[in-house]
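Student: I'd like to ask some things about the structure below.
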Amino acid sequence: MIARVTDGLPLAEGLDDGRDLVDAEMYKQQVKALFKNLSKGHNEASRMSIETGPYIFHYIIEGRVCYLTMCDRAYPKKLAFQYLEDLKNEFERVNGAQIETAARPYAFIKFDTFIQKTKKLYLDTRTQRNIAKLNDELYEVHQIMTRNVQEVLGVGEKLDQVSQMSSRLTSESRVYADKARDLNRQALIRKWAPVAIVLGVVFLLFWVKTKLW
């Protein structure tokens, strides 16, 4: 799947992916949640592997676009990221100028043709082409972090909770401040009202006296 990072808008997808996959809908929901987290800036790594059940999500972020694929755990990490690099290079070449202006989901769904063609090249890890890529010392993936999907998605949920709690505390503190001002006003009134009444009576008597005399 390919999505815009700024708002999580899906741009393209391999159309036949997941047809025979058990719990395919659950994995798609995880991907959507991941894109949502990325749009909020919760995961800033430009390259990451995320474990989910017997599979791993691999993604790269380039030019504010996320390119993600799901592989079996046994599939070589190096090939997965080179596959994503191929998708990225072609997607930028063909659609780069229109990425920012895309307004509807899957605006570049025709890119599926290239996704399918490229995927076939990477399926068999034993081909001479893929063995050469695995032996390519210029492309290393040792530094790419691997995390668990619950950990990654949980970060976003916790940050959302913290944000909600912060907003709630801010709102409650405003209410408390307003109540405190009201109580202070009432206390001042109770404290000075008798004095004001006495002074008023004295002033009234003095005024009456001056008028009569």
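Using the three backbone atoms N, Cα and C, a Cβ is placed for every residue, glycine included.
Caution: TrEMBL annotation is automatic and unverified by curators.
Reproduced below are the annotations present in TrEMBL:
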DOMAIN    1-115  domain 'Longin'
DOMAIN    130-190  domain 'V-SNARE coiled-coil homology'
TRANSMEM  188-208  transmembrane segment
Student: As a quick check of your reading of DSSP, tell me how many residues in the domain 'Longin' (1-115) are helical, how many are strand and how many are coil.
Tutor: 45 helix, 28 strand, 42 coil
Student: Given the model, what does the mean pLDDT over the domain 'Longin' (1-115) come out as?
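Tutor: In the predicted model, the domain 'Longin' (1-115) has a mean pLDDT of 90.
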